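A.B. asks: Just lifted these from Swiss-Prot, have a look:
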ACT_SITE  SER515  active site, proton acceptor
BINDING   ASP81, ASP123, LYS124, GLU489  Mg(2+) binding site
BINDING   CYS122, CYS193  [2Fe-2S] cluster binding site
MOD_RES   LYS124  N6-carboxylysine
Amino acid sequence: MPEYRSKTSTYGRNMAGARALWRATGMKDDDFQKPIIAIANSFTQFVPGHVHLKDLGQLVAREIERLGGVAKEFNTIAVDDGIAMGHDGMLYSLPSREIIADSVEYMANAHCADALVCISNCDKITPGMLMASLRLNIPTVFVSGGPMEAGKTKLTDHKLDLVDAMVLAADPHASDEEVAAVERSACPTCGSCSGMFTANSMNCLTEALGLSLPGNGTVVATHSDRKQLFLNAGRTVIELCHRWYGNEDATALPRGIATFAAFENAITLDIAMGGSTNTILHLLAAAQEAEVPFTMQDIDRLSRNVPQLCKVAPNTQKYHIEDVHRAGGIFGILAELARGNLLHTDVATVHSKTLGEAIATWDIIGTQDEAVHTFYKAGPAGISTQVAFSQSTRWPSLDTDRTEGCIRDMEHAFSKEGGLAVLYGNIAQDGCVVKTAGVDASIHVFEGSALVYESQEAAVKGILSDEVQPGMIVVIRYEGPKGGPGMQEMLYPTSYLKSKGLGKQCALFTDGRFSGGTSGLSIGHASPEAAAGGAIGLIRDGDRIRIDIPQRAINVLISEEELASRRLEQHAIGWKPAQSRTRKVSSALKAYALLATSADKGAVRNKTLL
């Protein structure tokens, strides 16, 4: 049987010094025979999705200790993409994913931890910890801080979120008072932003991957039911330790759970729920860490066969994550996919022998278990707070309407093709991605003239000064992982297009990426990126570009000869922006750019250069 990794620093006379230091942390004689379980917390006061996590690591720790383990907590960094948005701070967001992954690996390996609990929540933290867990391949459980409650104001009938505040702020017809009212109401509680944005998308995907407990992605941060998720995470990691170190059960390890089939399940869920396009980037990165050959081609293949069964903000103003939970949460969607024979139900999870068994237990349509029904009635209280587990409000009933409800069955899908698609063409030879869930059907085929910007800042200025007109395709390049560096999110350009009434009259194409809050004909992750010699760098103002989502195609309508001629010309002068940019790029960002791959590889480090 495998030995505890921690024996390296706790066993034998030569480790007297290490044990002396362990004792100084509070360990006693009996503790040196127990598994040492690392708790990677991501508490910070900078991020609403993490502001309430300070004491939750110790909540898990006490449960681990009660069940016979030794718990040791440490913290990672966490960047708030919304606060970093629209200025040079966004250059640091995606690179922070690698820093988080490295820091978890460093702490777990330096101290020979036997297992891991990941307390994550927002955009790059869950992916970074996911990458680390698959590198380490020690028993691991994920538990997130949970989603924020949606906001409310007397000015609108629909619920609010961060994107509403951004769009209204750019609307010249909105008064300062209206903007202030929405600003104060859009983000009322702690938790990850309330729509199907990147953070919530990733926390939902950990359920499909099998690495977190049911409800991880959908129980609001303020609800008392989430406390039980944290306690259960402590219990589950102890069980996983027993299974691996006691029985050498490989399905207790992240790589035994997050197999190729599990990655297919995760992207199938992602497509069905219309998740953030960032999830594609992060799943590809995680697959590489797991040494699973999961690629853009697999995503393209699945996107053609999976319908959209759930539609949540920003793709509609009717539903937020709290509504998904009321409709049965992620297991509600997984159950419908399973009924459509679109899932691998024989894969393992941290909490059940197989995903199929878990669906049978947690599907609100199929089970009569009142405890499960009560669990999925956990709802928002509508009280502004930064305190976790501070309310116990329950919906009076579940949303079991699979015809017109938040979650649909296969027959009544929002669309027969899912919410994400991969496009290929002469300006995206290795692919690009679009969240079709947020694209009006009338512009699934769109042709327009290119208006090229060499940076997000220039594009924002152009949109706000009315350079962009109906029928144009805004091209923003040199914003990829290497070219940015850091692959900025383009939420401001897309929000401003909406505020100008151009959401259905223009498209945006970039080698950067989009916030989970983005909707509209916004196509990102163009690969190869411009800085890596990608053809997006060859587009010129006035070029006609044709986007055809049904055919999964995007092309600039010029001859191959002209494209080749432009390539030779560009190669001679170098793949860099035509206009200089006043952008401060630190040595840390330059180091990231030196190794960064394009988005089709997950924007991970190019290991061939190491």
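Placement of Cβ uses the backbone N, Cα and C atoms for every residue, glycine included.
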A.B. asks: Taking the Cα atoms as reference points, how far is CYS122 ([2Fe-2S] cluster binding site) from GLU489 (Mg(2+) binding site) in Å?
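C.D. replies: If we compare the Cα positions of CYS122 ([2Fe-2S] cluster binding site) and GLU489 (Mg(2+) binding site), the gap is 15 Å.
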A.B. asks: Which has the fewest other Cβ atoms within 10 Å: CYS122, CYS193, the binding-site residues listed?
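C.D. replies: Across CYS122, CYS193, these binding-site residues, the one with fewest Cβ atoms within 10 Å is CYS122.
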A.B. asks: Which whole-number value in Å describes the distance between the Cα atoms of SER515 (active site, proton acceptor) and ASP81 (Mg(2+) binding site)?
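C.D. replies: Answer for this pair: 8 Å between alpha carbons.
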A.B. asks: For the C-alpha pair, I'd like the distance in angstrom between LYS124 (Mg(2+) binding site) and CYS193 ([2Fe-2S] cluster binding site), rounded off.
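C.D. replies: Cα-Cα, rounded: 14 Å.
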A.B. asks: Does GLU489 (Mg(2+) binding site) have same-chain partners at least 6 apart in sequence with Cβ under 8 Å from its own Cβ, and which are they?
C.D. replies: ASP81, MET85, MET90, SER93, ASN278, GLY512, ARG513, PHE514, SER515, THR518
A.B. asks: Give the sequence-ordered set of same-chain residues, not counting ASP81, ASP123, LYS124, GLU489, with Cβ within 8 Å of the centre of the Cβ atoms defining the Mg(2+) site.
C.D. replies: VAL79, ALA84, MET90, SER93, LEU94, CYS122, THR198, ALA199, ASN278, SER515
A.B. asks: In whole Å, how far is CYS193 ([2Fe-2S] cluster binding site) from ASP123 (Mg(2+) binding site) when you measure between their Cα atoms?
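C.D. replies: Checking the Cα atoms of ASP123 (Mg(2+) binding site) and CYS193 ([2Fe-2S] cluster binding site) gives a distance of 10 Å.
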A.B. asks: Of ASP81, ASP123, which of the binding-site residues has the most Cβ neighbours inside 10 Å?
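C.D. replies: Going through ASP81, ASP123 one by one, the largest Cβ count within 10 Å is at ASP123.
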A.B. asks: According to DSSP, folded down to helix, strand and coil, what is GLU489 (Mg(2+) binding site)?
C.D. replies: strand
